[in-house]
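Trainee: Reproduced below are the annotations present in TrEMBL:
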TRANSMEM  32-55  transmembrane segment
TRANSMEM  67-86  transmembrane segment
TRANSMEM  107-127  transmembrane segment
TRANSMEM  163-186  transmembrane segment
TRANSMEM  198-222  transmembrane segment
TRANSMEM  249-273  transmembrane segment
Amino acid sequence: MKCTLNSVEESDTGVQPAGIRILRTFQMKNKLVRVGLAETLSTYVMMVFGLGSVAQVVTGGGLFGDYLSINLGFGLGVTMGVHVAGQVSGAHMNTAVSFTMCTFGRLGWKMLPLYITAQMLGSFLAAGRDSEDAMFKFCSGNFTVSGPKATAGIFATYPAPYISIHVGFLDQVLGTAMLLLCLMALSDQQNSAPAPGTEPLLVGLLVLLIGISMGSNSGYAINPSRDLAPRVFTAMTAWGQQVFRAGNGWWWVPVAAPLVGGLLGGVVYKLFVELHHPREAPRCTESGVEFLDNRGHPGECMSELHQITLCFSSLGWFLF
């Protein structure tokens, strides 16, 4: 691939084609801009495939897929999103993931507003590309939130009739906790780390698995930006403020619960697995006592305990 790219970028004379030179004028060297653009695009890619799969199932009346199609659409959409921006922004595509990474020191807090903005923007733009003609034909121009011809659920999640607010909150906490717990495991180099290049597929399969096993209650949003931005889009267009009143004011649950669940999943993985990785005897350094892991690399025993304490403090702030 590298040789092919080089042959495209440079001619036999060593001069880049005019098209490449024009594109180079748009190159951004500022890290914040590059991260923001990459995170926006990766989120957009994920949401286009995910929302598109929902739209086809709903407006097609079962002719163009079923519930499994939606799970595959979001799962493979996540995989493609990670391929788009994984090496630039990390392709979080999920505010709960970004928030948890900040809490555990894997992302600076000053980057969180940028990630949230990019994720919201990508989700909002993706919501605008769904085919209005197909939805208009399906519901005869009567865009509703509930009922047999409801279409608001194409964009955002709504609880099943049998789900109460508190049960739905716990449902979202559990789903997001499983997401972050498994993501922490996939990124743990001292555990069964995946082979290089397989991470995007495994993350996509993880989202697919959560959808298959936990999606029936409320659509497994497990992502504040995935739900809130498209909901705002529907409120601004044909569906109105009912999107915020439906489900006894359900809209805040997929925003707040994933933040709690993400922290919970990260804490559980650290307490049960990561904190107990074998370490060698401590050694004295100029900065104090330093622990080595089982590979001889400097460990972070005290900082991990500090992170866990911070996570419990954050959970307490959310819940109480």
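Note that Cβ sites are derived from N, Cα and C of the backbone, with glycine treated the same way.
What TrEMBL says about a protein is an automatic prediction, not a curated fact.
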Trainee: Give residue numbers and ranges for long-range contacts of the transmembrane segment (198-222): same chain, 6 or more residues beyond its ends, CB-CB under 8 A.
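Mentor: Same-chain residues near the transmembrane segment (198-222) but 6 or more away: 67-68, 70-72, 74-80, 82-83, 86, 94, 96, 153, 156-160, 163, 167-168, 171-172, 174-176, 178-179, 182-183, 186, 250, 253-254, 258, 261.
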Trainee: Grab the same-chain neighbours of the transmembrane segment (32-55) for me: Cβ-Cβ under 8 Å, and only residues 6 or more beyond its ends, written as numbers and ranges.
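Mentor: For the transmembrane segment (32-55), the list is 65, 69-70, 72-74, 76-78, 80-82, 84-86, 88-89, 91-93, 111, 114-115, 117-119, 121-123, 125-127, 129-131, 134-135, 153-155, 225-226, 230.
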